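Participant: Heads up, here are the entries from TrEMBL:
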REPEAT    102-138  repeat 'WD'
REPEAT    152-194  repeat 'WD'
REPEAT    196-237  repeat 'WD'
């Protein structure tokens, strides 16, 4: 588009994306590898002289901070949060007229989100320190007077992100400027179910794990932490990822089918995608089974993406300041472990040596998978994603990330038959979900397969000899103003003593070194004494 895009949302069917920014508000259709503009809401709104209530349209700038797409029977509605504090609802069936404007927030609205179970319920989180609940079922009858149903307090702390629970239709959580996470039941207005001091700086991201029991938080303190909300108020995070930069966006990767035979097709989710502040454009996908380093990395833009979401298990949508919507198949991105050296050694002052080594096996990559860049989904009015017959269905990788031994055990995995998630897979499909703690606490994580060596260098340091010599060496004496025969004898005796001690300890080369050093120093002092006498 050439215009900066701040945010995006996806419809329930996964066929359309909603893009929002300061000068952009439109939907695009993405089907069969082809992307095309669908409805330009900004143009339609500006060209219509009336509002939904029938009155004349007010002139105002549409500076959109976040967008959301309703679900279920309310799927024709989209919501846009603005920097002025307004929330604007649109009915895509009547795209030229705003369905309603919600005015109850008095500062910028950072996030809006629709309930995945009851698509008409909308939550909005604002810098004014409140989260408000709206029901849009009566929006057509109350276009000019729709009011929030309930208000939840963030203790005068700006709300940065808010998300509905994926399993409980009445629970939601939000993160605040001071780093707190609060979990609420919409039926209880008095107090939060759980309040956790999650970060020392702003909590920019909260995202529920698909099991509904755990929630991830990410903040400006360069950390992603996962919390067990069933543990109550006083708790410590269960798992943590130390990121290289402040985290501004993050999402759990959609669950995949477990490859363990005993799981009987149940799903599991252990991976989390992170994007950072403006100066750091890299996107990392982490795996909690090996939290010390990222699993995969990609850099689709010159600057950091402004928003991201998973279209399916493998396809990641991102938007950025460059005005591009990109679709990346995460299976084709680089693995961080493949760029790390598998050999290392260290020697301590005592002569102990530790070493690990492994030969990296070269993989034969199919030609159709080599050098596959992210496909730009929206750059002009119509963009064909296909580059050939094979690419028209977004080819799958041969590696299976559900049990990726090349990452978890350093050993390249044998080829497995992968169940394609498909470009239009339904992320809301339900099957049994394995709780995160069952995956991480009761199953094998990564196991290094490198050869390791622990030993001692033959010329290494002997602490007992060091102590023996340190107690007996003559190491210091003061240099007088005038060098006389007494001082020369003192220096000669000191070097001679150190020479004999080293010889007695079996350090013959060191003994010779003391002898030569003594000769050189003695010669210098003799010359200096003669010069003083002359």
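Note: Cβ is positioned from N, Cα and C throughout, glycine not excepted.
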Participant: For the repeat 'WD' (102-138), give me same-chain residues lying six or more residues beyond its boundaries with a C-beta closer than 8 angstroms to one of its C-beta atoms, as numbers and ranges.
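Facilitator: Result: 12, 65-75, 77, 79-89, 146-164, 166, 169, 172, 174, 176, 184, 186, 428.
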Participant: So what's near the repeat 'WD' (196-237) in sequence-distant terms, Cβ-Cβ under 8 Å and 6+ beyond its ends?
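Facilitator: Same-chain contacts beyond the flanks: 160-168, 173-183, 243-252, 254-255, 267, 269, 272, 274, 286, 288, 433-437.
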Participant: Taking DSSP states H, G and I as helix and E and B as strand, how many residues of the repeat 'WD' (152-194) are helix, strand and coil?
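Facilitator: DSSP classes over the repeat 'WD' (152-194) add up to 0 helix, 21 strand, 22 coil.
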